[in-house]
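Data block below; observations after.
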Amino acid sequence: MNTFLFPTLCLLGVWAALAGGVTVKDGEFSFSLESVKKLKDLQELQKPRNPRNLDGPIIPVLCNSPKFPEELKPICQKPNAEEILERLETIAQDPSTCEICAYAACAGC
């Protein structure tokens, strides 16, 4: 009986960790990795196609988009929103690295 108890508890622990998902933390903020992935997709759609338009800030465009994840909206109110979104985009570029907790900002593996 005890032979099966330990492996069962281990499997339950792994399942509980995976069910909670991966959390990305940046300062006072904490987001699901899924929201960060959506942000990356949205930023790729919003990148200007005309090289002359690179001077304008992209934050208002992102924050006002109807596809912008609700979970990330508090970032838009911060003066350093662009810096935070850049850090999140770095994580989103390779989400598999975050899923194995290679970044200190990621938790819940």
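Placed from the backbone N, Cα and C atoms, the Cβ positions cover glycine too.
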Residue among C76, C98 that, according to Swiss-Prot, closes a disulfide with C63: C76
Once near-sequence residues are set aside, which residues in the chain of C63 (disulfide bond), 6 or more away, have Cβ atoms under 8 Å from its Cβ? K73, I75, C76, A81
